[in-house]
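A.B. asks: Residues annotated as transmembrane segment in Swiss-Prot: 13-33, 98-118, 140-160, 239-259, 304-324, 325-345, 358-378, 448-468, 479-499.
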Amino acid sequence: MDITNRQAVLKNFLGNSPDWYKLAIMGFLIINPLVFFFVSPFVAGWMLVIEFIFTLAMALKCYPLQPGGLLAIQAVAIGMTSPHQVAEEIANNLEVLLLLVFMVAGIYFMKQLLLFVFTKLLLNIRSKTILSLAFCLASAFLSAFLDALTVIAVVISVSVGFYTIYHNVTSNHSDKDITDDSGIDNQDSHETLEQFRAFLRSLMMHAGVGTALGGVMTMVGEPQNLIIAKSAGWNFADFFIRMLPVTLPVFIFGLLVCLLVEKFKLFGYGAQLPERVRQVLTEYDQQANAKRTKQEKMKLIVQAIIGVWLVLALALHLAEVGLVGLSVIILATSFCGITNEHSLGKAFQEALPFTALLTVFFAVVAVIIEQSLFTPIIQFVLQASPSAQLSLFYLFNGLLSSVSDNVFVGTVYINEARSAFEHGIVSLQQFELLAVAINTGTNLPSVATPNGQAAFLFLLTSALAPLIRLSYGRMVYMALPYTLVMTIVGLLGVEFLLVPMTEWLTQAGWISLPHITNGVAIPH
């Protein structure tokens, strides 16, 4: 049937998003200028923030870059903020953009090594409880130094690969479409496949939570960590040590949850790898090992050496994080023989959409600063006692981060805390403690939903999720024990351990206060 030009434009607008979603975004774009000019810029600013959080929460309906970007462009156009203020925010956070562009791309060229490691873990550890713990620990360690998205991408690659191998064997190679189970006519084979799906689901969730447990600990673990570290004037070691009073107890209890849910088969965990599947995968791995050439073996060794360089460069703060990532790209591609421009370009595909979205975040942050939107909330929190301030910052961050994106939330709150310090409302010592509360608040409770953790959202929207029947609801349910324990232990750490442990670390000479002058933090 022929459609009118108007219908064609509406169909093209935001692509395959639901009609109600398209109407909501159009409604926002119509209402915002009216409220800004005829009601109140402050109210319009808050409407923009809520609308932007809505686009983040609806990320499965439409990637937030397009609707959020339209709202941000309009905000600049009508005068909610200026292009100069947006450019200033981007300049202040250039390190974060470099982290996303170069570090994620750099790790892309180390995927062979990471795939090798996770494959060996899966096939060589027979105890499901120990295997789950190993996946959680490996993801945590890698996420402390690499980007969580990349770590999850690698685990997804391993899982999809294994699923494909077994699915093709069990369906007698009759159909290469791994989404189609019609070739599996044996009831026993169906049950084995369902058990394998449950096994992969639990492993993916353990790995996903592992990225959060490790990612909160270091300044490169999550993008917002780098923003917080820069604002507070911390280097890699400072950040790690300052977070320990909260992150270490959370890490220990997170691993305990991993063991308990597997041992007692709670919340959908506990499924074993079927023996039939193990045999198929082991045979395949043996064939792959036999075919591996000397060239490929040397690539793995080179990538391992580059991995050591990456850890040392970050730990010793030898260069800015993005530049370390760039060095990884150059070293890995040079010594692994990747010199084709097209092959290089693939490495940047994963990170650039999120980098563009983060730039839109900064435009919304510019509106928040220009319109002083969070000033009343911050004033309310800062009226409380210093210890209560820490808990309130942690809880406010946690609540918002579980429904919105934690990079956005962390950026907004650290800017407000920094502003309070610069205006003499809080001391330097209190600002440093608030920075810890903000970082842990944005990272820990955000495992509650896929909206909060970019790695979880990446998993949910991946090709693997439908194969292993991992839906939004199931992901929230399986994350629940982790959410409750990590949030509560984190809060107790902020409330009871953070202040005394920080004082002890300062007296012991492990940490010292940075010099902050002219809005710039200079670490010792």
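Cβ atoms here come from the backbone N, Cα and C positions, even for glycine.
Show me how these features fit into the structure around them.
C.D. replies: Here the transmembrane segment (239-259) has long-range neighbours at 129, 132-133, 136-137, 140, 206, 209, 213-214, 216-219, 225, 229, 432, 435-436, 439-440, 444, 481-482, 485-486, 489-490, 492-494, 497-498, 501-502, 505, 510-511, meaning same-chain residues at least 6 beyond its ends whose C-beta is under 8 angstroms from one of its own.
Sequence-distant neighbours of the transmembrane segment (448-468) (same chain, 6+ residues past either end, Cβ-Cβ under 8 Å): 56-57, 59-60, 143, 148-149, 151-153, 156, 159-160, 163, 178-179, 197, 200-201, 204, 208, 211-212, 215, 354, 401-407, 475-476, 479-480, 483, 487.
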A.B. asks: If you count every Cβ pair below 8 Å, which range out of 98-118, 304-324, 325-345 shares the most with the transmembrane segment (140-160)?
C.D. replies: 98-118
